[in-house]
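Colleague: This structure is in structure tokens; I'll ask about it shortly.
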Amino acid sequence: MNAKEFLIELLKFKSVTPNDDGALNFIAMELSDFEAFFIEKEGIKNLLLTKKFNDEGEHLAFGGHVDVVPAGEGWKNDPFEPLEEEGFIYARGAQDMKSGVAAFIDAVKDVSFKGRRLSLILTSDEEGEAKYGTKAVLEWMKEKNMLPDYAVVAEPTCVKKMGDSIKIGRRGSINGKLLIRGKQGHVAYPEKCINPVHDFAPVLKLLAGFDLDPGSAEFSPSKIVITDIRGGMGVCNVTPNDLKLMFNVRNSPDTSLEDVKSYVEKICHGLNYELELKQSSEAFLTNIDNKIVQKMNESVQKITHEVPELNTKGGTSDARYFAKYGVKVVEFGVCNDRIHAIDERVSIEEFEKLCLVFKDLIENF
């Protein structure tokens, strides 16, 4: 089947995270000339497809996920019965990211590759906890001395036009929970209470929206963003016993968890508080002079006639795991204007260009 037909079939699988619904077996059968390894951990199914081309040279990998977020109600069609209409395919996962997966599967068919090995790393655990997916496959590859040198993750990266954005890194994510302790009491006798809201009020303006670093050419500033704040029992005559606050920092490599801790400790000096911090993902950056960045840039410009912005914007992705294992990685895919949305759709023209970009990258790597 051709690339579009394969994409339509792939979109029919109800692969709501972490269930692949048979999609990985379907992919393995499509690429029967690749050696297939099904790697399972904690009930999560992953697939490594790999093919040796030469005894020497570099190992290039493509990464992606077949799991999708729940579809919800209000669609113009059954979200797992793809609808082709006016140049688009409507289905859950059309942009995020079955189009990317279908594109690199099409690209590796009957391709000429001067390197040593091509691999495809696929998981059904990205949209959920993402603990036993790509990371587990890379750990398995490390144990077998099979780690790739370079990788492309086919996440939907483009914003307004196909070809306008390549991700060369991602910010990390630090989650914070702050508990300010007080002493509950009658609102008419504030002198007998310790009101944590009043105590924390002067500190709030020092925390909310604070930039922990000035940013750089590649990264925006590491900003503290408050996501939740609550205290009291929802009544007007009792002061709160404590105040609970949650925040997130999307951090660049210039700001660490320890930097966040030091700043919060400094501004909360004198308060009775508890602080809990957790790094849910780490920041990474692939240098713009690296081969994978240069070659991807060349292929994107050649096929799309756009000059892509090399950036680190957006949330986290599985690319961070490649970076953690020392693999030089970039991300490129179709536009992301409908990801996780009702009536998610992908432009057929964008998808066809993505197939060509990946094939050109492989043949000229």
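Any Cβ shown, glycine's included, is placed from N, Cα and C.
As listed in Swiss-Prot for this protein:
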- H65, D96, E155: Zn(2+) 1 binding site (BINDING)
- D67: active site (ACT_SITE)
- D96, E127, H340: Zn(2+) 2 binding site (BINDING)
- E126: active site, proton acceptor (ACT_SITE)
Colleague: Using DSSP and three states only, what is H65 (Zn(2+) 1 binding site)?
Modeller: strand
Colleague: In sequence order, what residues of the same chain, 6+ apart, have a Cβ less than 8 Å from the Cβ of E126 (active site, proton acceptor)?
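Modeller: Counting only residues 6 or more apart in sequence, the Cβ neighbours of E126 (active site, proton acceptor) under 8 Å are T17, H65, D67, G133, T134, S317, D318.
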Colleague: Would you list, in sequence order, the residues of this chain other than D96, E127, H340 that have their CB within 8 A of the centroid of the site's CB atoms, where the site is the one recorded for Zn(2+) 2?
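Modeller: Near the Zn(2+) 2 site, the remaining chain residues are V68, V69, G93, M97, I339.
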Colleague: Determine the Cβ neighbour count for H340 (Zn(2+) 2 binding site): the number of other Cβ atoms within 10 Å of its Cβ.
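Modeller: Total other Cβ atoms inside 10 Å, all chains included: 16.
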Colleague: For the recorded Zn(2+) 1 site formed by H65, D96, E155, name the remaining residues of the chain with Cβ within 8 Å of the site's Cβ center, in chain order.
Modeller: G64, M97, G100, E126, E127, V153, A154, P156, S317, G333, I339
Colleague: Count the Cβ atoms, other than its own, that fall within 10 Å of the Cβ of D67 (active site), considering every protein chain shown.
Modeller: 28
Colleague: I need the least crowded one of these binding-site residues (D96, E127, E155), counting other C-beta atoms within 10 angstroms of each C-beta.
Modeller: E127
Colleague: Between the Cα atoms of D96 (Zn(2+) 1 binding site) and E127 (Zn(2+) 2 binding site), find the distance and write it as a whole number of Å.
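Modeller: Counting only the Cα atoms, the answer is 10 Å.
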Colleague: Provide, as an integer number of angstrom, the distance between the C-alpha atoms of E127 (Zn(2+) 2 binding site) and E155 (Zn(2+) 1 binding site).
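Modeller: It is 12 Å, counting Cα to Cα.
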Colleague: For H340 (Zn(2+) 2 binding site) and E155 (Zn(2+) 1 binding site), what Cα-Cα distance in Å is obtained after rounding to a whole number?
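Modeller: Counting only the Cα atoms, the answer is 13 Å.
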Colleague: Within 10 Å of the Cβ of H65 (Zn(2+) 1 binding site), how many other Cβ atoms can you find? Include all protein chains, please.
Modeller: 33
